[in-house]
Amino acid sequence: MTSERPLDGDTLDASTAPDSAPASAVATAPPAVVDRPAPGGMGGQGQAGRARRTTSFLSLARAMFLGFRRDRAGLFFTLLFPLVFLIIFGGLFNNTGTYKQSVLEVGSVPLIDQLPADARAELGQVFKITKVTDRAAALDKVRNGDDEAVIEQVGDRIVMHYSAADATGAATVQGVMTSLIQNANVDATGQPPKFSLDSDSVEDKSLSYIQYITPGLLGYAIAIGATFGATSTLVTWRQKKILRRLTLSPVGVPTVIGARIVVSMGIALIQTAIFLAVGAGFFGLKLSHYWWMSIPLIFAGTLSFMSIGLLAGAKAKSMEAASAIANLITIPMAFLSGSFFPLDGAPGWLQGLAKVFPLRHLNTGMLDVMVRGKSPVSVLPEIGILLAFAVVLSTIAALMFRWDDI
Amino acid sequence: MAQTIRVDGVRKWYGDTHAVDGVSFDVEEGEFFGILGPNGAGKTTLLEIMEGLRKPDDGEVSLLGMRPWPRNPRLLPRIGVQLQASSFFERLTAREQIRTFASLYGTPPAAADHWLEVVGLTDKADTRTEKLSGGQAQRLSIACALVHGPDVVFLDEPTAALDPQARRNLWDLLREINNQGRTVVLTTHHMDEAELLCDRVAIMDHGNILKSGPPAALVRGLDAPTRIGIETGTVPVDGARQLFPDAEVSDDGVSLTVSTRNPAAVLSALADRNALRGLAVRGASLEDVFLDLTGREYRA
Ligand SMILES: Nc1ncnc2c1ncn2[C@@H]1O[C@H](COP(=O)(O)OP(=O)(O)OP(=O)(O)O)[C@@H](O)[C@H]1O
Ligand SMILES: [Mg+2]
């Protein structure tokens, strides 16, 4: 006997005779009327039709989301993998910008000690100043390369000792000290300074590495998530015959597609929240005022990546084939769209080529509103381009679409 | 009586394969109709054409007075379909699965849970469908087809993966459904199943319906002899041939079979000789009908 419960779970002897009609069958028989649809009334019109469409939309979306949440490999590639990139890149490169010169101050150096508090704080951003008394030991440290310079003051004369082995460090310290001394000299005259120099880097000054890499990697994560989400729904649902089964239920194609879009957009929002939280929480990411404008950008991007996924899944017979196609598209796209490093140094033709990828436009737009502080309207062209990608690609995918393998 | 399904001259060819080759029949409202035939006979193809899943190359189908092809959303809530290959959403549990299907038809979750109980899967409700046994998956698939209370139910080999106990339970369930006035169309390999359940069967082979009608009538129309089997060695073969000159006697080394049109005489003669060891009496069955129609032994 089987250990599992028989269909109607009752006396074995009663049902060994094939056509005995055991009472048990009747006892657990289906209700005579199980919400039988009114004949012809469920065509989708009217209030009942709308209510049913809403519940089927929600339950399909739920089924898709649960399928995503329980798919370990999918979770890894859409959430963890790009996040690991962010942590590695953020951790590796983010400190170089804030590297401080280590300076040893021997005895008392009034020029430094008597600086006003704000000037002192500013100096603290470039110098890490340590007060020492042993002059010989300090000089040894510079000689060994442990510290960049030793500074001492004899009367009005400031003496700086440096090692020729670390020319850059020495030059930095020397430059800062020279300007300190000149400021002090000007102050001593009691006259306002006649000339002044404002220096400005030609690079975008707000873009420290983390500011650049967070939107870039987020774009990559969204591209992977939306592309593979659409591909896997299409291919595995076709493979598992669930698409055929759905054609036999009253839900329409728009409901199925709509549910998938909403789920993909939800996943993109989750990715965004995680990336921004990690970037801001651990690596000092600072969002500019109109960062929220990245949300419509992300929605438009999600649509265009989903259409790439539909295209990859339209003809593929297996999920393996479909992911190979999707990878072939998304990986070069991520590199050429500047998700991992800026394209500023790339040759012009390459930068031109990058424009055929929707991710390039998403990245540009996200950089503009998330960290460059550009106005919300400035990214409307990017949104338009992303939507155009979505329309064109999904039209092609629709033309190639097959319900099943038969 | 109302014709729930009309199939008229339906044909579907795949290259040289004549999957369905000009088939016509009607199914009446509330009827239990069976399509019988060996592998590749064209049962699934025919059923899927009736459901509106495939387009016939030729011919017409009318289902509940409507055309199933192209996809007809007004028809779909009124039919329930179990496909030959189970089709489930990935990584959902049995309960989530049937509730999702129920909601597609606007059926409340409570009805879904009830159906889980009807097919005996309540204790598997939280198991993912990937981890169900073949028979459990089949039962879930059937429950998903019935959850919204359809008027017409199409089942493609519903008992294929079931153990004998589950099979009988499903028979009871299907009878009950049919008694509620729902029309049931099923395909099966099992002659005994068709004989037991169906009001009418159509026997299919190579894309054609060879014969259709109530199973009892088909069998009776055959006018086949009754087969009486006893253990080999109880009576010598030659002795049996002399005893029953009108009957056909054969021995396969396990049992000796006497095919006769006068079973009462044969049985009493055997009883007189106290030679009833291992007795098995078998009247003609649909299997004999198939043999008679095709000249081939029926192998599922
Ligand atoms: N999509 C298809 N493309 C090509 N040939 C097909 C297709 N579908 C069915 N066939 C062929 O049509 C014939 C009938 O197939 P069908 O699936 O209807 O048989 P069946 O009676 O359901 O068999 P089984 O008992 O094995 O389920 C087979 O020879 C099959 O190979
Ligand atoms: Mg079949």
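Residue numbering: from 1, along the chain as shown.
Cβ coordinates are placed from backbone N, Cα and C, and glycine is handled just like the others.
Since this is a predicted model, take the numbers as computed values, not measurements.
The region 'Disordered' feature in TrEMBL is assigned to A:1-50.
The annotation compositional bias 'Low complexity' is assigned in TrEMBL to A:13-39.
What TrEMBL lists as transmembrane segment is A:73-93 (among others). Non-local neighbours of the transmembrane segment (A:73-93) in the same chain are 209-210, 213-214, 217-218, 220-221, 224-225, 228-229, 232, 267, 270-271, 274-275, 278-279, 282-283, 340; each lies 6+ residues outside the stretch with a CB under 8 Å from one of its CB atoms.
Annotation comment: TrEMBL describes A:170-404 as domain 'ABC transmembrane type-2'.
Marked as transmembrane segment by TrEMBL: A:217-237 (among others). Panel annotation: around the transmembrane segment (A:217-237), residues 64, 67-68, 71, 74, 77-79, 81-83, 85-86, 89, 243, 246, 260, 263-264, 267-268, 271-272, 275-276, 298, 301-303, 305-310, 312-314, 316, 318-319, 322-323, 325-326, 329-330, 333-334, 337, 339-340, 358-359, 362-363, 366 of the same chain, lying at least six beyond its termini, place a Cβ under 8 Å from a Cβ of the stretch.
Annotated transmembrane segment per TrEMBL: A:257-284 (among others), in sequence order. Only residues 6 or more beyond the boundaries of the transmembrane segment (A:257-284), in the same chain, are considered here, and those with a CB under 8 A from a CB of the stretch are 57-58, 60-61, 64-65, 68, 78-79, 82-83, 86-87, 90-91, 94, 208, 210, 214, 217-218, 221-222, 225-226, 229-230, 233, 294-295, 298-299, 301-303, 306.
Per TrEMBL, transmembrane segment is recorded for A:290-312 (among others). Here the transmembrane segment (A:290-312) has Cβ contacts under 8 Å with residues 215, 219, 222-223, 225-231, 234, 260-261, 264-265, 268-269, 272, 322, 325-326, 329-330, 358-359, 361-362, 365-366, 369-371, 373-376, 379, 382-383, 386-387, 389-394, 396-398, 400-401 of the same chain, all six or more residues outside its ends.
Residues or ranges marked as transmembrane segment in TrEMBL: A:324-343 (among others). Within its own chain, the transmembrane segment (A:324-343) is flanked in space by residues 85, 89, 212-213, 216-217, 219-220, 223-224, 227-228, 231, 308-309, 312-313, 316, 350-351, 353-354, 357-360, 362-363, which lie at least six positions past its ends and keep a Cβ under 8 Å from the stretch.
Annotation comment: TrEMBL describes A:383-401 (among others) as transmembrane segment.
Residues 296-297, 300-301, 303-304, 306-308, 310-311, 313-315, 358, 361-362, 365 of the same chain, all 6+ positions outside the transmembrane segment (A:383-401), place their C-beta atoms under 8 angstroms from a C-beta of that stretch.
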